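What Swiss-Prot lists as NAD(+) binding site is 3-69, and the listing cites similarity to another entry. Feature annotation from Swiss-Prot assigns substrate binding site to Asn149; the stated evidence is similarity to another entry. Residues annotated as Mn(2+) binding site in Swiss-Prot: Cys171, His201. Per Swiss-Prot, active site, proton donor is recorded for His172.
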Amino acid sequence: MATKIVLVGAGSAQFGYGTLGDIFQSRALYGSEIILHDINPVALAVTEKTAKDFLAKEDLPFIVSATTDRRTALRGAEFVIISIEVGDRFALWDLDWQIPQQYGIQQVYGENGGPGGLFHSLRIIPPILDICADVADICPDAWIFNYSNPMSRICTTVHRRFPELNFVGMCHEIASLERYLPEMLNTSFDNLSLRAGGLNHFSVLLDARYKDSGKDAYADVRAKAPDYFASLPGYSDILAYTRQHGKLVDTEGSTERHALGGKDSSYPWADRTLFKEILEKFHCMPITVDSHFGEYISWAGEVSDHRGILDFYTFYRNYLGGVQPKIELKLKERVVSIMEGILTDSGYEEAAVNIPNRGFIKQLPEFIAVEVPAIIDRKGVHGIQVDIPPGIGGLLSNQIAIHDLTAEAIIAGSRDLVIQALLVDSVNNQCRAIPELVDVMISRQQPWLNYLK
C-alpha cells in the first residue's frame, strides 16, 4: 500500500509547496498518497491545484487530495506534518512585544521565549492539542512532525497531554552548521562529525571532529569563529541590499557573504553580538543568532544586536511575505529524511530533533522537550545523549519551571498558572503589574485566550 502522509496547514504556500517538493523528490516515498488539510478552503484549493498541475507536468505517480475536514484527512495516516499559526501572526506578535513593554518588560524578540513566547504558546498550543487528540483517536501509531513555534513549549505540552503519541519537533536552525563551518574550516561538510544540543533555538555546538583524521575540530572553530563571524553580513545588510536593488537575497545553501557578492558586513558581529559573548565566556558556539538565543536570557538585552533583530523583523514582515513559493524537486527540510529512515530502517543519525528528555541531557528533567541528535530506524526516533557543559546547562535549567508551568496553564486553562509562568521567567523584571498584564493580554487576544479562567 502507498504511504499516507497528511500535511496540516497546507494552505500556507511556503509550508505546503516546500514540503510537497521534498516528498516528490523522495525515492522511498515514491507514489505516496498525500492529503492536504487546512481550515482555509480557498488557500487549500490553490495548493491542491498547484500540486496536481506539477505532478501532471513532471509525470509523477503521487496521489494528492485535499479536505477541510481534519478527521477525514487523518484516516489511515502514517505520517502527519504540522505547520500552523493562528490569527494575524504579525499583529498578534506586535501585541506580544508591545503590551509587556508598556509594563516595563524588555524583550529581545518576543516570539518563543519570555512573555511573548508564553502568550504565543497560549494561543497556538490548544489547536495543536486538538489535532493531536484526533490523531490519538484516528491514527494513534502515526508519526507526527511539528514545525510550529514555540517549539520546545509545544512539544513539552503535547507529550504531557498525550504521552503515547509519536510527536517530534523539527527546526532548521541546525542547518547553519552546514552553511558556515565548511567555509570557516576549509573542509567539506561531509568531512565533519558534529554534535549539537540544548533546547530549541537555545542549542550550542558540543563536539566537532574531522572524519579523515579523527582530530578535534572544535579548537579550530573557537580559533576561527571570531574573525569569520565578525565580518559576516547580517540582516541589516540584507535589508539594505533588498531596498537598494529591489530584489530578495537568496541565502539558501550559502552564506550571506556569498549572497551579497563577497561583501563584508557594514558593522562587526552583525546578528551575533550576544553570540560573541556566549562564544567568549562559555566557549561554546550557538547554532543560531541573537534573535533566537537571546529570548531565554535575562541579560541578553544588554549585548544583543538589536539593530539586526529589528531589521530581520522588518525584512521578514515586509519582504518574505511577498515571495511566491514554488514546488521544486530538491530536499530543503529534514522531515522527509526521517520518514525515509523509518520506512527503510536506515539507522542514520539525524542532527537535531525535539523530543522528551529521556536522559539525553542530564541537567534537565524528563518532561521537558530537548533538542538532540537521534538515530532513525523502523522503530522510530531514538535520541542520543549529549554532554552539556555546566555553564550552558545552567542557562538551560532556567527554562525548567517556565516550561512546566506553561504546559500546566494550557492543559488546566489556568490564569493563575500563567501569572506564575511569567513570575518564574528571568526575562520578566516585574511583579505587581503581572496580573493586570495577563488580563490585558487575555482581553486583547480574546478569541484565543478566553479559555484561561
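These residue numbers are counts, starting from 1, taken along the chain as shown.
Using the three backbone atoms N, Cα and C, a Cβ is placed for every residue, glycine included.
Shown in sequence order, Pro61, Phe62 are the residues of the chain, 6+ apart in sequence, with a C-beta less than 8 angstroms from the C-beta of Tyr30 (NAD(+) binding site). DSSP gives Ala66 (NAD(+) binding site) a strand state. Taking CA atoms as the reference points, Ile39 (NAD(+) binding site) and the residue listed as 'substrate binding site' are 19 Å apart. Just so you know, the Cβ of the residue listed as 'substrate binding site' picks up 21 other Cβ atoms within 10 Å once every protein chain is counted. Over all protein chains present, the Cβ of His172 (active site, proton donor) has 11 other Cβ atoms lying within 10 Å. Looking at Cys171 (Mn(2+) binding site) and Asn149 (substrate binding site), their Cα atoms lie 9 Å from each other. Across the fold, the C-alpha of His201 (Mn(2+) binding site) and the C-alpha of the residue listed as 'active site, proton donor' stand 10 Å from each other. Least crowded of the binding-site residues (Ile39, Ala66, Cys171), judged by neighbouring Cβ atoms within 10 Å of its own Cβ: Ile39. Residue pair Glu48 (NAD(+) binding site) / His172 (active site, proton donor) shows a Cα separation of 25 Å.
The Cβ of His201 (Mn(2+) binding site) has 27 neighbouring Cβ atoms from other residues within 10 Å, across all protein chains displayed.
Long-range Cβ neighbours of Gly21 (NAD(+) binding site) (same chain, at least 6 residues apart, Cβ-Cβ under 8 Å): Ile327, Glu328, Leu329, Lys330, Lys332. For Lys57 (NAD(+) binding site), the Cβ neighbour count at a 10 Å cut-off comes to 9, with all displayed protein chains included. Taking His172 (active site, proton donor) as the reference point, none of the binding-site residues Thr3, Lys57, Asn149 has a C-alpha atom within 10 Å of its C-alpha.
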